Every structure is written in structure tokens, then in C-alpha cells.
Amino acid sequence: MENITLDQYLQSAVDVVKEIGPMILKNYNSRSKQIEYKGAIDLVTDTDKAVEEHIIKTLTTKYPHTKILGEESTKDGIYNWGNEPTWVIDPIDGTTNFVHRFPLFCVSIALSINKEIVVACLYAPVLDELFTATKGGGAFLNGESISVSSVEHLSQSIISTNVGYDRSDKGIEFMLTNFKNILKDNVQALRFSGTAAWEMASVSCGRVDSFYEWGIHPWDIAAASLLITEAGGVVVDPSGGKCDMESRKVLCGNPNIVNKLSKLLIEKPTSN
């Protein structure tokens, strides 16, 4: 295998998201979408599948030594994620938004080596926003260097999260308890956009001060997690401990706000 730089991997990811952008926008504007249900409210479209297939074919043809961990190609929740160079792909994060022509959704591509994210490329086609990062190389939005916010107090902060797919009584009670804990501490605003990857990207450029969620997958947060750390933020477990991307939970943001939020958020109870 030739000596491939992180910048070369990144450029390949950028090229492929820009290549498929027009097709995504065309399908986004169409009122006729082929929709399947992975669960009661969890959607997948023909566009999700076509985008992932194109990304996989393009990147593995150019880099045959790389593996794939993709949302639509991963079955039964088994993460085939080892030490080999692995592309972690979410073809459309925010599929429900995409289906309803709500403009917040994105394509997310990360490269993991030894299970560490070293390349991040996240593209929001409607907004034409391209977030990029390499390990140790900083984070960028449309080529301009970005950083997380410097807000110190919760009363001045915007917190972002999502309601997720758990609509059981216990799941709703857990969600509302955390909302109450946060709002009681007088955060300035609480936001829900329906796309974890884009919300975390918004953290990386300082639009949002912190994001948390339970129920996410590695492909939802892989690229955005590198954006945040390269922009000076932290990505942790909601308790404040080390983040495990396979644990399906995350808290991230500027260190001041993350530290305060970790003391307010309760842990989700395990299902019986």
C-alpha cells in the first residue's frame, strides 16, 4: 500500500460529496420519493441507498485497502469496525428532514484508522456548507478555520439535542426529565434540528454551544466528533467520561458548557 496522506484521503471524500450534491438536491426538491421504514418512524429513501452505494464504490475503488462502516450497509446493529482504515459513512443524516423538504440534513464521511477518527468531511447540500478536518490539522467551514464558542455560562448558551426514536413511556419520561433539568438552569435556548451530524458541526463552528443525544450510531457522529475536537471542543460521554462511539450516546461542545451539562443530565435507564 502506498503512503497516503490524510489530506489525500480528505480530498477524495470532498470530491465525492461534491460530485453527488446535485443528485441529492434534485431528489430533495422532488415530491416523489421512494420511502421505506426501518422502524415505526425511522425512514430510509432510495437516495440514502444510492448515495451510500456511490460513496462506497468511489472510495473503495480508489483505496481498495479500506473497509466500510455505513448506515445502510450495516445490518442488525453490528459495527464491523476494526483497526484497518475504515470509512464511516452516513449518506444522509436527517433523512426525515430530507423527505419533508426541511433543509437541514447532510452527508457525513469520516476515516477511522486504529478506531481513531483522522479525517472528517461533512456536506450540507441545501446550505452548501462543507465542513472538513484532519487529525492535528484543524477544522474548517468552506475553507475558513473554525472554533467552538467561548461561552462560559449556561444562561448564555444554546443547547441542541433531538427527541430520537424511543417513544416509550420510559423513554419520553427520561427525555423530559433532562429537558427540565436543563431549562431549570436557565439555558438561553434549546434547539432540535433532527440531524445529529449537522448539529455537531454547528457546535464546531460556534453556532451552538453544546449538543447531546442518546440513541445515535457511530456514523452519526464520527466525522462531526473530529470537527469538534479540532475546533477546540470536547466529545465525551454524557456523564463527562470518555466517549465510546459504540455506546450510542454523546455529549459535546465547548469545555465550559459540557462540564456544566454533564452534571445536569441523567443517564438513560436500561430497558427491562
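Note: Cβ is positioned from N, Cα and C throughout, glycine not excepted.
Among the candidates Glu71, Glu84, the one that Swiss-Prot lists alongside Asp90, Ile92 as binding Mg(2+) 1 is Glu71.
Of the residues proposed, Asp220, Asp237, Asp244, the one Swiss-Prot records at the same Mg(2+) 2 site as Asp90, Asp93 is Asp220. One way to see the shell of the Mg(2+) 2 site is to take the Cβ centroid of Asp90, Asp93, Asp220; the remaining same-chain residues with a Cβ within 8 Å of it are Glu71, Ile92, Gly94, Cys106, Ser108, Thr195, Ala196, Ala197, Ile216, His217, Trp219, Ile221. For Glu71 (substrate binding site), the nearest of the binding-site residues Asp90, Ile92, Asp220 in terms of C-alpha separation is Asp90.
Considering only the binding-site residues Asp90, Asp93, Thr95, the Cβ with the fewest other Cβ atoms within 10 Å is that of Thr95.
In the structure shown, the C-beta of Asp220 has more C-beta neighbours within 10 angstroms than that of any other entry among the binding-site residues Glu71, Glu213, Asp220.
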